[in-house]
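Q: Below: one structure in structure tokens.
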Amino acid sequence: MTQTASVLADPGADGRFGAFGGRYVPEALIPACRSLEREFRSAWSDSAFREHLTRTLAVYAGRPTPVTPAARLSAELGVTVLLKREDLAHTGSHKINNVLGQALLAQRRGCTTLLAETGAGQHGVATATVGALLGLDVTVFMGAKDVERQALNVFRMELLGAKVVPVTSGSQTLADATSEAFRHWVGQSETAHYCIGSVMGPHPYPWMVREFQRVIGEEARGQCAQLLPAGIPDVVVACVGGGSNAAGTFAGFVGTSARLVGVEAAGGASIGNGSPGILHGFESYLLQNDDGQVLEAHSVSAGLDYPGVGPEHAHLADSGRATYVSADDDEVLAAMVKLARTEGILGALESCHAVAWVLRAAGTDELPTSSTVLVTLSGRGDKDAAQVRELLK
Amino acid sequence: MTTVTLGRPPLERHLRDHRDQGRKALVPYVTAGVTPGWTGLVEALADAGADAIEIGLPYSDPMLEGTTIQEASQRALDQGMTTDRALAAVAELDLNVPLVVMTYSNLIRHRGAGVFCERLASAGVSGLIPVDTPLDEATPLLAAARSHGIETVLIVAPSTPPDRIEAIADQGSGFVYASTVMGTTGERTTLGDQAADLATRVRAATDRPVLMGFGISGPQTAAQAARHADGVIMGAAVMRRVLAGESANEVAGLVREVRTALDAIIEPRWP
Ligand SMILES: Cc1ncc(COP(=O)(O)O)c(C=O)c1O
């Protein structure tokens, strides 16, 4: 493939990834988006900022995370499976990489408050955690339904000193929490930084969040070079909600021969079942009805319950550099159990979408016998234990 | 009046005429489909002294609306309102004031800007307010609107820097929509200094009519805003009454009160 030069690169001043991306926000937020873009460009080319971030990721968040050869699973499937262990990062998922980057940037800009949306609560917990670390006020917007379903995470955020605001509009889930976070940001964009949790939102967020998650792919690339005779895996796979763990993973391999595979939730497959649209500041594939009203996503994993997908994934799909597939709830539950019993790793339901694809594809043309696959395990499954217990009854 | 669509005047010319006559413009807002009788409400507001009416197309994710208009939008969607149905109803309205449609990017993007503007034009709509399409993203929409004779009203906010105010005023048409606050739609008891400051800056940058919206809750805030601008847009105050079950005639009473307050403003004609 030769189009890699323009893929997973700087999307330029207009924030476009092919036909997707952009900056569709009310005029009031344009100055804040522009200032954030300026500040990110400056910080990202400032070696002192990058060293500070790298060091904090190391001494606080536990980076680099290991790559674990999944020996028993590999033997059973006839393919070599490597797991990139984001479940071992502080707070239990890759979300901390992005939050630390954005929070240090917010501090650099002189912001005193972080705003965040959250679905399952993982991004909210990561933001509350980093807020405590850096002494920033944190307000997390969460759909009222999710507040009920994820009561433990709500308590964790509060314990960490964050304020959790239940959102009662619309379907009372992640999309509504995101709209509400934008509304509050409009009112305080000079002092508050909106810490978006995935590769979505208006420019520069999709690019900036991918850059903060790039560490996953870059570490894994080096680790694969050590672990695999060929140096690079045949296939790299990650789950896709908004798409941040996948974008960060792909960024490390886009210049190699590895096939890139993103796995959406069957009930929230924006690339699989959506059509082009605009939501929360960006143009991408979107689940919507005939009138253009946004539909609710439905998945066993709250972290993939979002009706859109990061614009760069829409572009990677259209350009053919990455392939997007989906896994349904039953496959995902089975994959969670399988991974737990063969490797002693309890993966997050989100991450188990990627594992489910490996189980399904192993031995087929998609993932032939004897091939190698790197799976990003984006988070740990402790948060899902109670829900899974009910589902397996 | 029987044939109506032809009778509705272009937006900017209409507002300029009012300004030349020393009349402050009053533009109430109605969410399409908020009640079964919403078209009757639009007509009642026009009769009560509105100079144009803003029609909001209900949308599932209205990121710039406060709770009142969010609720109105949700209620309309729950009752089955769609863009096509709203525009079909608008085409039947018997009015002698221009109509401006307010909406979010996805409803435009979903049909394509060309088709969307064509439908507005055939429904007899004069203008379009694309709430979350800032100037930077508006080029294709502005071209499509122009080719269908639709005036595109762009918003300026207190945070908008001077060079952008000029560009927005220059490339938009109809009027310049100045937001009184950094925030969402919704009633406020009083307007901050930034409202007057913004209106003054916009008026200095353009000859187009400047209307202030967001936070106008009644005669007092309307008069406060209109002292510095060419008129006001009033949304949440209207919709709150509708949601509370007031009749079209009762809601029209608010428009009459505001009309009276605006007509009492005596402003030296500016040079
Ligand atoms: C463990 C985990 N993985 C994945 C996701 C989905 O996000 P993204 O697609 O941005 O990586 C989430 C979101 O909450 C998550 O908690």
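Placement of Cβ uses the backbone N, Cα and C atoms for every residue, glycine included.
Where the annotation comes from TrEMBL, it is an automatic prediction and has not been curated.
Computed from a predicted structure; not experimentally measured.
This is the feature table in TrEMBL:
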| type | residues | note |
| --- | --- | --- |
| ACT_SITE | B:E54 | active site, proton acceptor |
| ACT_SITE | B:E65 | active site, proton acceptor |
Q: What are the non-local neighbours of B:E54 (active site, proton acceptor), defined as same-chain residues 6+ apart in sequence with CB under 8 A from its CB?
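A: The answer is B:V27, B:P28, B:Y29, B:V30, B:L99, B:V100, B:V101, B:M102, B:I129, B:I233, B:G235.
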Q: Please give me the CB contact count at 10 A for B:E65 (active site, proton acceptor), counting all chains in the structure.
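A: Step by step: centre on the Cβ of B:E65 (active site, proton acceptor), count other Cβ atoms within 10 Å, giving 27.
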Q: Should B:E54 (active site, proton acceptor) be counted as helix, strand, or coil on the basis of DSSP?
A: strand
